[in-house]
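Going by TrEMBL, these are the annotated features:
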- 37-61: transmembrane segment (TRANSMEM)
- 54-248: domain 'GH16' (DOMAIN)
- GLU134: active site, nucleophile (ACT_SITE)
- GLU138: active site, proton donor (ACT_SITE)
- ASN142: N-linked glycosylation site (CARBOHYD)
Amino acid sequence: MYIKGFNSQTIASNTTTASSSLSKPTTSLNIMSSSKVSVMLCLSAVLLSPFMAMAAAGNFYQDFDITFGEQRAKIFNGGQHLTLDLDQYSGSGFKSKKEYLFGRIDMQIKLVAGNSAGTVTAYYLSSQGPTHDEIDFEFLGNSSGEPYTLHTNVFSQGKGNREQQFHLWFDPTNAFHTYSLVWNSQRIIFLVDNIPIRVFNNLESVGVPFPKNQPMKIYSSLWNADDWATQGGRVKTDWTHAPFTASYRNFKANACVAGSSSSSCGVSTSASTNSLTDQQGTWHNQGLDAAGRNRIRWVQQKFMVYNYCTDLKRFPQGLPVECRRSRF
């Protein structure tokens, strides 16, 4: 399993083919405060048991290891904050000490400010090996004044090619914002400031692989990908602005940790209509209710700039099976 940015040449070669087919994002943004949005969720999934439930605020010293970049990755404030730097010689990254199988993962991130063209800030879950599973947030930098592109993807059994891309309804460099993944045996929900932006459902019943058997670690990295990241590689990294810095805080994992003999992540079959603001214990069977579906439609109608499920040129033999099913 590679670490994004550690060998950027490998990453670029694996990503360029898919990225070249993606539509060029538009540049207009409608700004809306996430504090005005209230999204309701309901519960519904099954978990296995040699895992221990964890629901605590994290500490970067205790919960993560630096993977590359040496002094470019810094932990401070007693483990409450972490920064990653990128310069012309190297990027930097970190990974969790623990592996998780299902749960809710939250991280507050403030992205590279100013001219971030060519940079990628990756934040994702991944297992290891050629048939690895992976759930991706990747933030593609842009020229000053142009919006970031939030690139999402889901890999199962080594197969990805399920990209959806979004612009955001705020400037992600001015302040910290919360990026979350809810992952249970029925679906994966991507959230930004508690607003759902994407759902990937378990459709194993129609032959679509779903990540459910491989525990995954949390990874993040900041790296140079100017051969593809910004406007298809047309805009390169301006190293006169280096070092580029991404900042992290308030990591939380309400999740099942692999390797525990506890049965506290056992079967959960009860239904609920808990709000996304009530995050403890709700992820086991979490899905979207009517309010959540309305909110995700708003995001996808206003801010989605690429969807593999509508890219007929990319899939001339027919769209993937999951694209013919309900999105939410």
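Think of each number as a place in line: the chain as shown, counted from 1.
Cβ coordinates come from backbone N, Cα and C, glycine included.
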Return the residues near the residue listed as 'active site, proton donor' by Cβ distance under 8 Å, restricted to its own chain and a separation of at least 6 in sequence.
LYS4, VAL120, THR121, ALA122, TYR123, TYR124, LEU150, HIS151, THR152, ASN153
For ASN142 (N-linked glycosylation site), write down the residues of its own chain that are at least 6 apart in sequence and whose Cβ falls under 8 Å from its Cβ; none is a fine answer.
SER116, ALA117, TYR148, THR149, THR230, GLN231, VAL235
So how many other Cβ atoms are close to the residue listed as 'active site, nucleophile', meaning within 10 Å of its Cβ?
20
